[in-house]
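**Q** Handing you a structure now.
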């Protein structure tokens, strides 16, 4: 059988070399640029969104975990590049669940663009000008748009079906939580009442509740779910391995950490006096940390048995704040003799107060 030759010339593929690099057609460039965009998208996974996906994995059923694990890199690429494949396995089984692709594309009617590590990247739709809905793991949450604060009341209520008695009010009453809020307040230089904002009243019951700072939200989820706590631990290990500086920063932070003991009476008194005198606790100096500093007083708080240490610290810290009145608070004094303590305090101009 004879094969008839075609008079049509084959289409030529344009190619040029620039600085030793072969460059294809515009369409090829488009594909290449698309792949770069893909890499950029993948690199941004080291953000809040990755943790939320991890949380989603830990809270979903075994079948959902299996479905997610079956997605290869090529399948993820297809989902991002093809309009027809924007719906993930989870979406096909539940119309209310929204894929990662749609979350990143539909972040509110205002088309706001947030940093990669901004919690507001989980927004999927607006409720009104001030509030939006988002996806935190498998749960729908409400987010305050101006600052990214999340409705902690709703989050705890949603998860409480699985982890009973895990209400936000329980977390807020926890002594660990109070210490965390205190520390975050000092770190961010924000009043405590600005870290948790209460929204009540109004006709829209969907947006009522307590809205917490994103750092607090992570710890609230950590408190609710042991699985989430484990995932956070692995994320931290991956972060440490990413570069040597990260690991160095991590261990430097550990060296700065102070032991936490909720039964520590000194700590409890410190917080009570802070509220009473409107001062600042744990003021750092070259010689150590001052228990409490107010407009008028330099305060050290100690158990009766450690009164000598308190006097020594007050004398040292007064070098940095010579105009402050030195004040020593002693607790667990009970019926012990304090005459010697009074004499020494008088000699060094220290005001002695007994906490009972």
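Backbone N, Cα and C define each Cβ position, glycine as well.
According to Swiss-Prot, the protein has these features:
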| type | residues | note |
| --- | --- | --- |
| COMPBIAS | 1-12 | compositional bias 'Basic residues' |
| REGION | 1-114 | region 'Disordered' |
| COMPBIAS | 14-46 | compositional bias 'Low complexity' |
| COMPBIAS | 66-114 | compositional bias 'Acidic residues' |
| DOMAIN | 130-239 | domain 'KilA-N' |
**Q** For the domain 'KilA-N' (130-239), DSSP counts of helix, strand and coil?
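**A** Final tally across the stretch: 59 helix, 22 strand, 29 coil.
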**Q** So what pLDDT does the domain 'KilA-N' (130-239) average out to?
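**A** Averaged over the domain 'KilA-N' (130-239), per-residue pLDDT gives 79.
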